[in-house]
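Report on the following structure.
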């Protein structure tokens, strides 16, 4: 059942890794399969296709088929012998069905809006054959984009304009509070500008495709290079925020830079190279490297975010021991930030997976998938920008001085705090007041059970929970 098995696989590959070829000259393909799906294209009414195929051998048992979507789905469900039998009996299965003799030269116009599938079927002996293809697909008004791709240029133009508006707002905020900027703001500005350049580059590329029909090598190399640079900046920024850079840590060590940079570099290179070697054994190895890189980056994001949450929790308890109300300090704001950041990452990943799933289901209007992906990115960036934007006083960037005498915590102290909910006995923190700091290794904080501090009720009381860290023996 070659149609049922292989064409289903080819259909999925076509929609997931769709080449969407518009113009091809002298494309040579050598195959020994019974069925080969050459391409698929969405035509508007009046669109035209030109197909020229040459075969290196004079074979009379090869057929060329041009089917609309419903016809193609019918072929997928049919047995191979029945399809070949129907073809030899001249039973109509597709819009065009012609036997090789040994060449094919067909021009036709679409009578209605629909997707068409172009394939070659071998109804004879299985052997290796080389085909040379020259074909052109074009919609009315010289539009070379497929039906589901036509809105892409306008989509990237609109979203590029929205990002330009965000950049203007960001620059106004930066200039208004320019004395308070930190290194993180510079990196966020670079990402914002890079995203705008990326969107307008995609707009120019899709506009070029709509008029010319094919990417040239310059555009392909430029797109791959810029995508690598942008993805490196994007993933690096997410990991640096998770590590606490510029929020808890003024700088990262060389070892931390390697932990961030190497996995991101591995992810980007394997993702780009896998597109070119996906059907080879090297492509399979790259796919494994890509999966491990994603796993490491996700593990880093959540593990280090959890570490910062635990560290700040422990510091908040020390602040309460020092007689200061924890929820009035910048430490509490940072604690809340990392909890929200962790939740935001989780929802961002879920939405990205959902969009990828929709890309398999929605095959007719591909631009909807692109729009959903752009909206998800926009929401993430707006959330990050609003969180880290400059204000007259932003507690996230306040670094209070340490206490001269550190506060030592004991189990007795925890038991005392568990029953102490009267915040009136604690002093309200004011800017410049010293606070106790946590001097502990990553491994200790990641492994120790720490109570959770929550802001509950309208009276801003602090619930310290019921879990007490165990003493180390």
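Quick reminder: no glycine exception, Cβ is built from N, Cα and C everywhere.
According to TrEMBL, the feature transmembrane segment maps to residues 345-362, out of the candidate ranges 327-344, 345-362, 399-416. Within the set 133-150, 187-204, 205-222, 259-276, the record from TrEMBL flags 187-204 under the feature transmembrane segment.
Counted over residue pairs 6 or more apart, the CB atoms of the transmembrane segment (368-390) and the transmembrane segment (283-302) come under 8 Å in fewer than three pairs, which marks the two as apart.
Remote same-chain residues near the transmembrane segment (224-248) are listed as 182-184, 187-188, 190-191, 194-195, 197-198, 201, 256, 260-261, 264-265, 267-269, 271-272, 297, 300-302, 304-305, 308, 311-312, 334, 337-338, 341, 345, 384, 396-397 (criterion: CB distance under 8 Å, separation of at least six residues from the stretch ends). Within the same chain, residues 152-153, 156-157, 159-160, 163-164, 166-167, 170, 174, 222-223, 226-227, 229-230, 233-234, 237, 240, 377, 381, 384-385, 388 sit at least 6 positions outside the transmembrane segment (187-204) and bring their C-beta atoms closer than 8 Å to a C-beta of that stretch.
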